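K.L.:
Here you go, one structure.
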């Protein structure tokens, strides 16, 4: 994918809000001047932010603000869509993810993703978790068993499914399915886990479990969470970025953003005065 | 007027109750079901009734003539002149005809004497009448003189002789298939093989002994009006006395008749005997077609849906494929004849089978070309069904695989295609439903009126793709229109039709069962 010029883009308006400065050393992902458009319609404008390592960063903002688009740019899921054009750069641990020597399937192993709707494959629970591992191959049966157990444990699902690993993944409840998908992603040992509204299709109890899981995982990897749910962002994230109309409006420690937003736009959104 | 129409239109937009619409819809469903049920019932009753050993009536007409036969149907005469009944009387060799229409009021008396026999014969069809005696051929004169033979004794003798003949026939068939034919082929390959030649001579001698043992006995028969007939026993296949049979006996005879229909080859220009080669040919051809059409259809659908750039060209190709499904099947037959049979088959003959020219091997219609032609015919069906299945697979399943580091090929092979298997099977089911009933193109590319040898046997290469084969659909057509006695062929036609429907049903059910099994393993596709 090549960098394409934008005719329709207005000249960059720098986000007015203060941007916290995560040092390059402490950041897992560095996004710089990222601009992205669907079929010529701009979705992200000149975004620059650093996502800190081993922290939970939440993207919030009204529908259509570009937060999911940003998330999907981080593991190059836009590659498949011919209508998407972009410029700018994204670096993972200092390396440009669009560099020619970066294989996209390798990148996606390092940057795992969990989607809004639980999407287990129509296979057994075991095979779902082993799916990413089998793609690379070369693992002994025993090693595979160990990693599957580890991943299911890490996703807090092991105790519920250990007696029926051969059952269809579609026989699980929605919340269990979502944790299975997380386990599946964890099994390939990603450095970054992208979560696109992972609990929006779930009931409150399952949501709670997912949130606990997110908190417990940050000791191991960097998490990026897109959510519509302000309380959720406040509960689980360390940093919050507020996006609006493709721009980064405010980005800072979650406590600051929620208790003391610097911009009226942010405050309006957080307090529910802006849809 | 216009106001009324307008208010009517308004009422149609906002119906008060759904009563009339529900009735209309339910009525059309009921009507379709009724028609379908009626069709199947007609076919089943007429077809299955063919094997029932129906009672035979002995009739005395008002002019004193006597006649024996089985009533087939009754029609009213025009202008209320009573009714007319059709009897099957058999005895073509005595009467020259086997059907008699009789005005009902001309029948003075009708009874069902238990001693009336029906013989199924190789030539001249059925005999209906009385059995006088069973004797060696050289003693016919003496036996005929001693007219008053013991009837039950003759019947018992006939039964045991027919059983013995059946055993001899079976032995001769085993000998022919198991010994003689392999030896003949061996000799064709190597005419110098002395040992084979000697063995063949021995086997042929044994066959002649068997043939001789089958001859030499005759039954002396008498029609109900007293005409005598000497019937060589080796031409008699079966004998029964329907009026003397109890219901369980009739049921037994019925099921044996049905089994013979399913398991034997046809006789008497396809109007009698069984349809086993046709069943086998139909099923084999449909299976071969499925084996060919599935991979091609699936690959084409994968290309159109997953690989090709979704531009104007792809859209046009898709429209063209959909329209191909509507091309009349005979057109495919012509294509198959021109391209497969004459084109490819002719070239194959020149390259690989030139020692057999001018008699063609693949350059004539055969199982392979018929299967390929039907595969071509059903290709659009499989493509369309598979494409719809692929398009229905949720994008989040694909993205889920990609997000785990799968390449596009891995995503296709491990997630998308397995999920689309039920849709592919739907395509195959539709293809089978279409192909099994297709007759027109087959007439051009390989179906035969009579091919008692099925295309699978013990001879290398075991599956003979170049052979012509029989097909139930064509058999149906041939029996119905090309026999010399349409009346006699009718029940066979119905039975064949029933069988064709059943074969299609069984093939479809198999595929449906497979699809259900696959779906049941993981439950239905979740909807989000």
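Every residue, even glycine, has its Cβ placed from backbone N, Cα and C.
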K.L.:
Which one of B:324-348, B:449-473 shows up in TrEMBL as transmembrane segment?
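P.N.:
The listed stretch tagged transmembrane segment in TrEMBL is B:324-348.
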K.L.:
Relative to the transmembrane segment (B:492-513), which of B:21-52, B:275-304, B:324-348, B:411-433 accounts for the most Cβ pairs at distances under 8 Å?
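P.N.:
Against the transmembrane segment (B:492-513), the leading stretch is B:21-52.
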K.L.:
Thinking of Cβ pairs under 8 Å, which stretch from B:21-52, B:275-304, B:324-348 has the most of them with the transmembrane segment (B:368-390)?
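P.N.:
Stretch with the highest Cβ contact count: B:275-304.
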K.L.:
State the non-local partners of the transmembrane segment (B:324-348) in its own chain: residues 6+ outside its ends, Cβ under 8 Å from one of its Cβ atoms.
P.N.:
360-366, 368-370, 372-374, 376-377, 379-381, 384, 438, 440-446
